[in-house]
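Undergrad: Got a structure for you, questions after.
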Amino acid sequence: EVRSRCAEGACLVRCRRRLYDLSSFVRLHPGGEQLLRRRAGTDVSDALDGPPHRHSANARRWLEQYYVGEMESGDEQCFTVGFPPFSFQSYPEPVNKKEVDATAQTPPQMDPRCKTVDEEKDLVDWRKPLLWQVGYLGEKYDEWVHQPVDRPIRLFHSDILEYLSKTAWYVVFMVWAPVVLYLSWVSYTSLAQGNTRLFSSFTTEYSIPVHKYYFPFIFLLGMFLWSLLEYLIHRFVFHMKPPASNYYLITLHFLLHGQHHKSPFDSSRLVFPPVPASLVMGFFYGILKLMLPEVLGLSVFVGGLCGYVIYDMMHYYLHYGSPKKGTYLYGLKAYHVKHHFEHQKSGFGISTRFWDHPFRTLIPEETFEKED
């Protein structure tokens, strides 16, 4: 059975006696799809321990979600690339009787990843919206939210709110790319009139004219400032540690970012919905308008807006793309996945690792020392 499924394109691997079907995960693997497919039909026990990379406890826990069965005694030696004949025993779950009974209660129309959950183990009931449950986890919340799972999350009871909380990646580009183009044209043509001067509110004699030829540099400045803002928001807002006794702050954290760390490959929640994004952007535009001449502030803002669009597109690609090994995006994907699975208190740069250097939150390079 395994031999025929691998021949059809499935990706089944063994870790000692346990069999796993990674077919749905191969495109998401940070090491690349081809690397994982080359492992199809082999024992990955040594690969998990490294070199070149020792997989984290979260990665090993993630693997268990794809468990399909267990080798019968004596079949381990047969599980090789050539696929000589072998047999295996298939179990619904390698767990205790309580979980087996819970699995038997799963409604047939339910997503197989949404099996009935043992609340004593998983802490929350995945059949119900999670947003109103997580606040009761208290001290257990921080550890729970940083143990990722491959299953969809429902946040709200209301179908309308649930629908509005999800955004396809292309919606961000379709909504904001025309805005960037239009505001860029407005900024450039306004600067071309020659009426914009820096420091004109303080002095007329020493004010500095801002020519239209400066627009590309002002635009790039906005993109640069966005990269800093991206880092600061990710580190100090999205990764704040809410007090264990505060139900509302825990709930807010889960809504803003915790749900993404709990289910990092939920494709419908990898980019920011346009409506709340517009409110945040309006706030920052108001600050720029107070600090700078109107046209100059708009020019900086549109550069920052472009930086945001690039960030959101890149964030989606780092989760769902398969960049070529050795490229910048390949390294960035591996870096970001490490942030999710092992280094949640570092690696806050997403579109760039630049700000992790001066703020000393760079994820260290792995120095491999194999352990038993």
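Just so it is clear, glycine is given a Cβ too, placed from its N, Cα and C backbone atoms.
Reproduced below are the annotations present in TrEMBL:
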{"type": "BINDING", "residues": "His29, His55", "note": "heme binding site"}
{"type": "BINDING", "residues": "His234, His239, His257, His260, His261, His315, His319, His336, His339, His340", "note": "Zn(2+) binding site"}
{"type": "DOMAIN", "residues": "1-72", "note": "domain 'Cytochrome b5 heme-binding'"}
{"type": "TRANSMEM", "residues": "168-188", "note": "transmembrane segment"}
{"type": "TRANSMEM", "residues": "213-233", "note": "transmembrane segment"}
{"type": "TRANSMEM", "residues": "270-292", "note": "transmembrane segment"}
{"type": "TRANSMEM", "residues": "298-318", "note": "transmembrane segment"}
Undergrad: Within 10 angstroms of the C-beta of His234 (Zn(2+) binding site), what count of other C-beta atoms is obtained when all protein chains are considered?
TA: 19
Undergrad: Looking at the binding-site residues His234, His257, His261, His319, His339, whose Cα is closest in space to that of His55 (heme binding site)?
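TA: Nearest by Cα distance to His55 (heme binding site): His339.
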Undergrad: In the same chain, who gets a Cβ under 8 Å from the transmembrane segment (213-233) while lying at least 6 residues past its ends?
TA: 184, 187-188, 191, 284, 296, 299-308, 310-311, 348-352, 354-356, 359
Undergrad: In whole Å, note down how far the CA of His29 (heme binding site) lies from the CA of His319 (Zn(2+) binding site).
TA: 9
Undergrad: Within the same chain, where does the transmembrane segment (298-318) have neighbours whose Cβ lies under 8 angstroms from its own Cβ atoms, ignoring anything closer than 6 residues to its ends? I mean 6 or more beyond.
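TA: The answer is 169, 172-173, 176-177, 179-180, 183-184, 186-187, 190-191, 215, 218-227, 229-230, 267, 270-272, 277, 281, 284-285, 288-289, 292, 329, 332-333, 336-337, 350-351.
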Undergrad: For the domain 'Cytochrome b5 heme-binding' (1-72), how many residues does DSSP put in helix, in strand and in coil?
TA: 30 helix, 14 strand, 28 coil
Undergrad: Other than its close neighbours in sequence, what residues sit by the transmembrane segment (270-292), given a CB gap under 8 Å and a spacing of at least six beyond its ends?
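TA: Contacts of the transmembrane segment (270-292) (Cβ under 8 Å, skipping residues fewer than 6 from its ends): 164-169, 171-172, 175-176, 198, 229, 260, 298, 300-301, 304-305, 308, 312-313, 315-316, 319-320.
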Undergrad: Select one residue from His55, His339: among these binding-site residues, choose the one with the most other Cβ atoms within 10 Å of its Cβ.
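TA: Within the set of binding-site residues, the most crowded position is His339.
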Undergrad: About how far apart, in whole Å, are the alpha carbons (Cα) of His261 (Zn(2+) binding site) and His29 (heme binding site)?
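TA: About 16 Å separates the two Cα atoms.
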Undergrad: Quick one: mean pLDDT on the domain 'Cytochrome b5 heme-binding' (1-72)?
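TA: In the predicted model, the domain 'Cytochrome b5 heme-binding' (1-72) has a mean pLDDT of 82.
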Undergrad: In whole Å, note down how far the CA of His29 (heme binding site) lies from the CA of His339 (Zn(2+) binding site).
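TA: Counting only the Cα atoms, the answer is 14 Å.
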Undergrad: Which of these binding-site residues has the least crowded Cβ, counting other Cβ atoms within 10 Å: His257, His319?
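TA: Selected from the binding-site residues His257, His319 on minimum Cβ neighbours within 10 Å: His257.
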Undergrad: Sort out the sequence-distant neighbours of His29 (heme binding site) for me: same chain, 6+ apart, CB within less than 8 Å of its CB, listed by position.
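TA: The answer is Leu22, Leu35, Leu36.
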Undergrad: Applying a 10 Å Cβ distance cut-off over all chains shown, what neighbour count does His261 (Zn(2+) binding site) have?
TA: 19
